[in-house]
Amino acid sequence: MMSLNGSSFLQHPSVCKSCRTFDAARRSPVAFVRVRSGPSGGRCRVASDGNGRVLVDGALDEDGSSSSSSSSPSVLEMDSKSGGPGPDLYGEDRATEDQLVTPWAVSVASGYNLLRDPHHNKALSFSEKERDAHYLRGLLPPVVVSQDLQVKKLMHSLRKYQVPLQKYMAMMDLQETNERLFYKLLIDHVEELLPVVYTPTVGEACQKYGSIFRRPQGLFISLKEKGKILEVLKNWPQRNIQVIVVTDGERILGLGDLGCQGMGIPVGKLSLYTALGGVRPSACLPVTIDVGTNNENLLKDEFYIGLRQRRATGEEYDELLHEFMSAVKQIFGEKVLIQFEDFANHNAFELLEKYGTTHLVFNDDIQGTASVVLAGLIAALKFVGGTLADQRFLFLGAGEAGTGIAELMALEISKQTNVPVEEARKKIWLVDSKGLIVNSRWESLQQFKKPWAHEHEPINELVDAVKVIKPTVLIGTSGVGSTFTEDVVEAMAALNEKPIILALSNPTSQSECTAEEAYKWSQGRAIFASGSPFAPVEYKGKTLVPGQANNAYIFPGLGLGLIMSGAIRVHNDMLLAASEALAAQVTRENFDKGLIYPPFTDIRKISAQIAADVAAKAYELGLATRLPQPKDLVKYAESCMYSPTYRSYR
C-alpha cells in the first residue's frame with residue numbers, strides 16, 4: 001500500500017500496527033481489505049470475514065478506546081441487494097444505486113487522496129455534506145455541479161480536438177482520474193466515442209503507445225517473470241476478477257506485430273465490457289504477455305516500452321503461456337473469463353483448442369467476429385428473403401476471423417437444415433494469399449484451412465473467383481486495404497440484385513473497400529457493412545447508412561451472460577444464441593436505411609438480451625453453476641450491470 005510519495009502507507013507512524021498486519025491481505029483470497037481513518041491520526045481495526053465483507057471497528061484513540069458511536073463493528077456488505085455475482089464492494093451495480101457507500105481505498109480515503117482515487121473521485125460533484133464529512137473543504141472550488149453538467153463540459157472539450165489520438169489520450173486520462181465520469185461519458189455518447197476508445201483510433205494509439213505512455217494500465221507479464229507469474233498476478237490489487245483480456249501483441253488489428261504496445265487493445269476491450277455490457281470495472285484485468293517483437297522499427301525505437309529482443313517461440317513461448325493460464329485459474333478460479341485477443345493465427349487456434357476444455361476461454365477474433373457477422377447475415381436475410389443454406393459465401397482472407405466466421409456459419413446452416421456440418425461447409429469458399437483454397441493445395445495448407453479445401457480448379461484472382469463461384473455474399477477478412485476493387489464489386493452486382501458485401505478488416509485504412517465505393521460500384525444496391533465505421537453516403541438523392549460489424553455488439557453481452565450464469569465453459573451454441581439475439585434487434589426501419597445491425601444507442605438493452613440468451617443456453621447445456629436460475633434473465637442481467645452514476649457517500 002503506497003502513498004503518493006511512494007512510501008508505504010502501512011508503515012506510516014499514524015497507522016496502527018494492527019492495520020499494518022493487513023498488508024499481507026492483498027495476497028490472500030479475500031476480495032480486498034480497505035483502511036479508513038481521519039486526519040486525526042487515530043488508529044483503526046480492520047478485518048475481513050473471508051466472504052468479501054470488510055469489518056471496520058472505527059477509529060481508536062491513542063489509549064485504545066473507540067471513538068466510534070457504535071460498540072459493534074460496522075459491516076461494508078453490499079451483496080445483500082447486489083444483482084451481480086459476488087459482493088458489490090465498490091457499489092458498482094445498478095441494483096445497489098440507492099445504497100450509501102463508504103469510499104474505502106488502499107490509502108486514507110478522505111481529503112486530498114480521495115480526489116485522486118479514480119474509483120471514488122467525483123470532482124466538483126461532491127455535495128456540501130460530503131465535503132464536510134471527507135475533509136474536502138478548501139480542496140475544491142465552492143461550486144457543486146451535477147454529473148450531467150460534467151459530461152456536457154467534457155464533450156464540449158473533446159469536440160474541440162481535431163486529432164482523434166488527442167481525444168483518445170484525454171479519455172484515458174479521465175479513466176485514470178474519475179472512473180465513473182469516464183463510463184458515464186462513454187455510455188451517454190457511445191456512438192461518437194466508441195471510435196475514439198476503440199477501433200480505429202486504438203490502432204494508432206498502439207502504434208504510438210511508447211511515445212504517449214503516461215501511466216501503466218493492467219499487468220505486463222514478460223519473459224523476465226517466467227517462473228514468477230503467480231506472484232505477479234498477486235500484485236494486482238483486486239481478487240474478484242471476472243474477465244481477463246490478454247494479448248501477446250503479435251497481430252494487432254491489421255497493423256501486425258506491435259509487441260508490448262498492444263496493451264491498448266485489452267484496455268480498450270475491457271472499457272467496452274463495462275460501458276456496453278455492464279461488467280464491473282473492478283472485475284476487469286487487462287494483460288499483455290511480452291515475449292519480444294519481430295518489428296524492427298520498434299526494436300530501434302528509443303521510446304519502445306517492451307523487451308528489446310526477437311519473439312520467443314516454441315517451447316519457451318508455450319511454457320510461459322501455460323504458466324499464465326495455470327496461475328490465473330489458481331488465483332481467480334475457474335469461472336474467470338479469459339479472452340484471447342490479437343494473437344497470430346497459429347497461436348490463436350492452438351490456444352483456443354488447448355484450453356477450451358479446461359478454462360473458460362473465448363477468442364474474439366475467431367468467435368466474436370464470427371458471431372457478429374452471422375448476426376448481420378441473419379438480419380439481412382430476414383428482409384431480403386431466403387435462408388443461410390440458400391446462399392453461397394466467398395471469403396477473402398482465411399485467417400482467424402475468416403475461418404472462424406465460416407465455421408460458425410456452417411454450424412448454423414447445419415442446425416437449420418439438419419445436414420452434417422461437413423456438408424454445410426461446401427457452401428463456403430475461402431481465398432487466401434495464394435488463391436482459392438482447393439483440394440490440390442492440401443499438403444501445403446495450415447491445419448485450420450483444410451476443412452475449407454473443396455474440389456475445384458485453382459483460381460488465383462479474386463475477381464475470377466467471384467465470376468466462377470457466383471457468391472451471394474462476399475466477406476473480407478484479409479487485413480489488406482482496397483482489395484475489393486471496382487471489378488470485384490461490379491461482378492458481385494452483376495450476379496445479385498442485392499449483393500451482400502462485408503469489408504471487415506480493421507482499422508479503416510485496411511478495409512477491403514469503403515462504403516462509398518461499395519454503393520457507387522453496385523449502383524446503390526449493395527447491402528454493406530464494415531469493421532470500422534464509415535459515414536453515411538449520398539447516392540442519387542438517397543442517404544445510405546453503412547452498418548458496422550463491430551464485435552462490440554457481441555462480446556460484452558456474451559461476457560455478462562457467462563458471468564451471471566457462472567458458466568465454466570464457452571460452447572458454440574452460446575455463440576449462435578448471441579447471434580440470433582442480436583439479429584432479432586434489427587428492425588425494418590433499420591434495414592431500410594441500409595443497416596443490418598441496430599443502432600449503438602441501444603447497446604445496453606441489446607447486451608442485456610444477449611446476456612440473457614447466452615445464460616439461458618448455459619443453463620440448458622448444464623454449464624451454469626449459479627443456481628437456481630433466475631426467473632427473468634433479462635431483468636437479472638440489467639440488475640447486474642455496472643452503473644456509472646455517482647454514489648452518495650456517508
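Keep in mind that glycine also has a Cβ here, set from the backbone N, Cα and C atoms.
Heads up, TrEMBL stuff is auto-annotated, nobody curated it.
As given in TrEMBL:
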- Tyr198: active site, proton donor (ACT_SITE)
- Lys269: active site, proton acceptor (ACT_SITE)
- Arg251, Asn506, Asn550: (S)-malate binding site (BINDING)
- Glu341, Asp342, Asp365: divalent metal cation binding site (BINDING)
- 65-74: compositional bias 'Low complexity' (COMPBIAS)
- 175-356: domain 'Malic enzyme N-terminal' (DOMAIN)
- 366-619: domain 'Malic enzyme NAD-binding' (DOMAIN)
- 55-93: region 'Disordered' (REGION)
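Feature map: annotations from TrEMBL on the structure.
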{"residue": "Tyr198", "record": "active site, proton donor", "CB count, 10 Å": "25"}
{"residue": "Arg251", "record": "(S)-malate binding site", "CB count, 10 Å": "23"}
{"residue": "Lys269", "record": "active site, proton acceptor", "CB count, 10 Å": "27"}
{"residue": "Glu341", "record": "divalent metal cation binding site", "CB count, 10 Å": "26"}
{"residue": "Asp342", "record": "divalent metal cation binding site", "CB count, 10 Å": "26"}
{"residue": "Asp365", "record": "divalent metal cation binding site", "CB count, 10 Å": "23"}
{"residue": "Asn506", "record": "(S)-malate binding site", "CB count, 10 Å": "25"}
{"residue": "Asn550", "record": "(S)-malate binding site", "CB count, 10 Å": "27"}
Considering only the binding-site residues Asp342, Asp365, Asn550, which residue has the minimal Cα-Cα separation from the residue listed as 'active site, proton donor'? Asn550
By CA distance, which of the binding-site residues (Arg251, Glu341, Asp342, Asn506, Asn550) lies nearest to the residue listed as 'active site, proton acceptor'? Glu341
Give the distance between the Cα atoms of Asp342 (divalent metal cation binding site) and Arg251 ((S)-malate binding site), rounded to the nearest whole Å. 5
For Arg251 ((S)-malate binding site) and Glu341 (divalent metal cation binding site), what Cα-Cα distance in Å is obtained after rounding to a whole number? 9
Among the (S)-malate-binding set Arg251, Asn506, Asn550, as the record gives it, the longest Cα-Cα distance in Å: 18
Alpha-carbon distance [Asn506 ((S)-malate binding site); Glu341 (divalent metal cation binding site)] in Å: 14
Inside 8 A of the center formed by the CB atoms of Glu341, Asp342, Asp365, which other residues of the chain have their CB, for the recorded divalent metal cation site? Thr247, Arg251, Ile252, Ile265, Phe340, Phe343, Ala348, Asn363, Asp364, Glu400
